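I have placed the structure first, in the form of structure tokens, so that the comments after it can refer back to it.
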């Protein structure tokens with residue numbers, strides 16, 4: 001169930017250029033069911049910044065009632081820049097968990113899953129990978145970044161399975177895009193899961209069109225609960241042009257070939 | 001006596017608080033947070049004759065103490081609203097104010113004629129002020145003659161009282177208010193959003209795909225208060241006010257300026273529990289301030305020459 005709760009910052013640190021890792025504690029964590037869900041964070045009380053920020057859940061630690069999220073500071077004076085200055089012991093107001101995450105029970109033990117993430121779309125794949133590997137699914141990670149200084153969680157993903165990094169400028173890993181790495185893979189994929197910028201999602205969906213997959217969409221949001229219709233997307237194969245899905249409450253994760261990326 | 005209850009044309013409100021149109025869908029999403037029967041009323045999402053997808057995304061952008069939106073009247077269309085959304089809302093003991101929009105005079109008339117027959121629709125809110133669509137909407141809300149004509153024509157077909165939602169994007173909102181009053185409006189709702197724009201700092205391009213959007217949130221409250229203050233003293237029509245309401249003291253401000261009820265918009269996005277929280281706080285205020293009724297506050301900003309029309313229940 002969706003709850004609203006002041007959650008305590010138990011750890012907060014910068015892990016790459018403009019990328020922060022924030023761990024929060026509170027009973028709301030117990031409501032988190034599937035990887036790929038997100039929370040809506042009110043950074044400060046009052047009207048500045050006014051709206052909540054949708055941030056994906058990166059890992060869930062039920063035992064300690066805490067979860068971790070990674071976010072990118074979008075610029076000076078932005079809400080995320082204010083968030084990045086909050087220290088351990090402070091609280092932030094969290095609404096969540098929101099949306100529908102990645103299904104983890106579609107693949108059996110021994111099958112192979114390809115997890116493809118781009119930039120700040122990488123974090124939700126971490127909890128997903130933990131869940132898949134705990135079921136005995138073999139995971140292969142392909143993570144795309146702009147350049148070396150924004151690469152994060154390489155060790156964490158590597159600990160769970162094969163991990164390839166691509167950077168646009170070639171400063172780390174393969175030079176190019178995640179699809180360049182997919183081209184070189186010589187392995188049978190039983191299912192894929194992807195999260196990142198729309199052009200990457202489109203390319204991945206096209207490249208892996210013969211495989212069942214799940215796509216996590218990103219869009220500017222208002223309410224985060226499906227009421228304001230800010231984050232809608234078109235539906236594939238809809239001739240009327242009026243059919244739509246809401247990224248926040250119908251998604252953010254959709255089966256491939258359902259929504260227009 | 002319920003010190004928060006209010007009687008307005010067509011509407012018996014348990015309290016003066018209702019979610020504003022466009023900020024609450026058709027209620028389903030917020031029904032997971034609280035019992036919608038707690039609300040004074042619900043202003044449902046604008047309904048047009050045909051289903052509309054609305055504008056391309058991005059549709060929202062945050063601004064200082066506010067937000068811009070350009071949803072573009074996305075809605076499932078009149079038939080769907082009549083067959084699904086309104087029947088679903090009958091499970092709650094709450095009057096519905098149906099926001100009616102269109103591209104032509106005939107659109108408004110067609111939607112008003114049908115939607116006003118729904119058993120739980122107790123009033124219409126004529127949306128002549130949406131700034132985010134090319135045809136209709138704001139075109140009807142910036143010319144007094146057109147607005148008066150539209151109001152009169154809708155009044156002819158509506159089974160329930162008609163409130164007109166006014167745009168702040170005019171030289172004189174009072175002139176618009178007087179025009180729709182002449183056209184036979186039963187009440188006013190004000191204000192719709194202010195047209196604005198936000199640019200991407202790197203590219204210089206507008207962030208919202210529609211380029212312009214409607215500004216809402218606390219940033220517009222001073223503008224709305226001034227408009228309610230002026231209009232309420234020039235017309236006999238009751239006003240349901242909206243613009244940047246975050247808490248019960250904002251509601252007190254609007255009542256003081258001359259409103260009879262208050263709608264909550266953007267704050268629902270900030271806090272899905274905003275409406276019930278404000279209603280609870282208003283109950284405390286009437287007790288602490290020893291008011292016989294919440295509308296004792298109405299028009300207290302006007303000074304000794306101000307006139308007041310009472311709508312307490």
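Every residue gets a Cβ built from N, Cα and C, even glycine.
Since we're looking at a predicted model, the values are computed, not measured.
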For this session: Quick one: which of B:217, B:299, B:303 does TrEMBL put in the FMN site with B:21, B:45, B:46, B:99, B:127, B:165, B:191, B:243, B:244, B:265, B:266?
Result: B:217
Problem set entry | recorded positions near residue B:243 (FMN binding site) (Cα-Cα within 10 Å), from B:45, B:70, B:72, B:130, B:193 | B:193
Problem set entry | B:130, B:191, B:265 screened against residue B:45 (substrate binding site), Cα within 10 Å - retained recorded positions | none
Exercise. Along the domain 'Dihydroorotate dehydrogenase catalytic' (B:4-285), what average pLDDT does this model show?
Worked result: 96
For this session: Tell me, in order along the sequence, which recorded positions from B:21, B:46, B:127, B:130 have their CA within 10 Å of residue B:193 (substrate binding site).
Result: B:130
Problem set entry | Other residues, Cβ within 8 Å of B:45, B:69, B:70, B:71, B:72, B:73, B:127, B:192, B:193 Cβ centroid (substrate site) | B:22, B:46, B:130, B:131, B:132, B:133, B:214
Exercise. Looking at Cβ-Cβ distances, which residues of the chain lie under 8 angstroms from residue B:265 (FMN binding site) while being 6 or more apart from it?
Worked result: B:19, B:20, B:22, B:23, B:216, B:217, B:242, B:243, B:245
